[in-house]
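Participant: According to TrEMBL:
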type: DOMAIN; residues: 249-380; note: domain 'Oxidoreductase molybdopterin-binding'
type: TRANSMEM; residues: 25-49; note: transmembrane segment
type: TRANSMEM; residues: 69-93; note: transmembrane segment
type: TRANSMEM; residues: 114-137; note: transmembrane segment
type: TRANSMEM; residues: 149-169; note: transmembrane segment
type: TRANSMEM; residues: 190-210; note: transmembrane segment
Amino acid sequence: MVRHTDTPLTGGAVLFRSRLRSVRLTSLLGVALGVTFVVCFMTGLLSHLVQHPPDWFRWPSRPVGLYRFTQGLHVATGLATVPLLGAKLWSVYPRLFAWPPIRSFGHAAGRAGVAVLVAASLFQVVGGVLNIAHWYAPMPFFFTAGHYWVAWLMAGAILAHVGVQLPVVRAALSRAAREADADAVSRRGLLAGVAAAAGLITLTTVGQTVRPLAGLAVLAPRRPDAGPQGVPVNRTADQADVRARALDPSYRLKVTGPGGHADLDLAALHALTRHTAELPIACVEGWSATGRWSGVRLRDLVTLVGGDPERASVEVESLEPAGRYRTSTVAAEHVRDPLTLIALLLDGEPLHLDHGFPARLIAPNRPGVLQTKWLARITVRGLA
Ligand SMILES: Nc1nc2c(c(=O)[nH]1)N[C@H]1C(S)=C(S)[C@@H](COP(=O)(O)O)O[C@H]1N2
Ligand SMILES: [Mo]
């Protein structure tokens with residue numbers, strides 16, 4: 001059977017004696033990690049584009065739950081990576097102590113590439129888990145920017161790694177290698193264990209977005225049904241420091257467009273034609289929950305101030321005095337969609353303060369971070 005070629009330094013044979021380690025095992029785990037990485041990378045890139053759209057990028061408003069699906073997949077594959085990555089690092093870590101540590105320039109470059117890959121992978125997985133746990137203390141940088149750039153670094157390191165290792169992997173996974181594999185039975189047990197761990201993590205977290213599995217979501221940081229009005233909350237009114245402003249009786253929603261301006265108090269908002277839509281909040285952190293929202297169509301407000309509801313884009317602004325998510329842009333695709341609402345009610349009741357009372361944006365197929373709460377101002381932009 002093929003063992004890894006780097007020989008651990010003296011004593012290694014005793015230290016690292018598991019017979020399960022082999023090029024074949026590492027290759028199998030590598031293929032599995034390749035699959036989870038590609039899915040995680042593509043869905044993550046998509047989420048980045050949706051949140052920071054360049055000019056050429058258009059994100060549709062339908063199907064309403066598309067982002068819920070892609071982001072649920074992003075977080076689920078990221079979490080499933082944890083045991084796979086752990087097992088893969090275990091399968092090769094004796095090579096860390098290979099002797100001599102550097103044999104040639106090429107060997108040194110290869111080891112440096114692997115070091116970058118390992119560091120980037122751990123950064124992504126650990127950072128992602130800390131982020132969904134809302135534990136930012138160990139990350140003294142803006143998480144999403146770090147997560148995004150290191151993903152590219154990781155993609156480059158993986159491409160280089162695959163380029164170097166592909167012949168090794170192909171040989172290790174060939175039929176001849178499989179037949180010559182004396183430890184196949186116990187290795188299958190190990191792989192089954194890793195697969196079971198990945199499956200268990202998925203099963204106990206994916207309920208945060210797949211509602212029928214909600215009862216099993218014991219490891220999920222957010223339960224899809226735990227929160228006021230049956231919908232979770234990421235940032236409360238007190239955390240956002242909007243309580244006084246949101247409850248102020250002189251509250252007005254200020255709507256500005258090319259044809260005029262409207263200051264709408266609660267009574268005026270409630271007097272406008274009301275519509276109801278069943279739409280999910282799909283948080284980038286992987287949880288989602290469907291609500292029955294009622295309120296005013298955004299396109300009707302655009303018309304009210306003389307904008308073109310088919311072509312206008314809109315800027316919404318929160319009462320929140322500071323914070324990254326106090327404003328968002330609603331592109332024309334979403335403005336014109338009749339399901340895009342300035343919601344006043346959730347499940348027939350006035351919005352809970354933590355869900356954005358007096359008024360919030362809710363649009364189909366839109367990341368949770370862009371479903372701005374506690375709206376203060378709506379500005380209709382020209383044609384975009
Ligand atoms: N003004 C404002 N709106 C906001 C946020 C915020 O921090 N400030 N958080 C967003 C995030 S990250 C999510 S997932 C949704 C959650 O909405 P909910 O609390 O009603 O479930 O609100 C969004 N709207
Ligand atoms: Mo979110």
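Note that Cβ sites are derived from N, Cα and C of the backbone, with glycine treated the same way.
Bear in mind that TrEMBL entries carry predicted annotations, made automatically and left uncurated.
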Participant: Using a Cβ cut-off under 8 Å, which residues of the same chain at least 6 positions beyond either end of the transmembrane segment (69-93) come close to it?
Facilitator: 4, 20-22, 25-26, 29-30, 32-33, 36-37, 39-40, 43-44, 46-47, 118, 121-122, 124-125, 128-129, 132, 190, 194, 197-199, 201-202, 205-206, 209-210, 282-286, 288, 367
Participant: With Cβ-Cβ distances below 8 Å as the criterion, list the same-chain residues six or more beyond the ends of the transmembrane segment (114-137) that contact it, or say none.
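Facilitator: Tertiary neighbours of the transmembrane segment (114-137) are 75, 78-79, 81-82, 85, 89, 143, 146-147, 150-151, 153-154, 157-158, 160-161, 221, 234, 285-286.
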Participant: Give the residue counts of the domain 'Oxidoreductase molybdopterin-binding' (249-380) per reduced DSSP state, in the order helix, strand, coil.
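Facilitator: Once the DSSP states are binned, the domain 'Oxidoreductase molybdopterin-binding' (249-380) shows 23 helix, 57 strand, 52 coil.
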Participant: Taking the domain 'Oxidoreductase molybdopterin-binding' (249-380) alone, what is its mean pLDDT?
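Facilitator: Averaging the confidence scores along the domain 'Oxidoreductase molybdopterin-binding' (249-380) gives 97.
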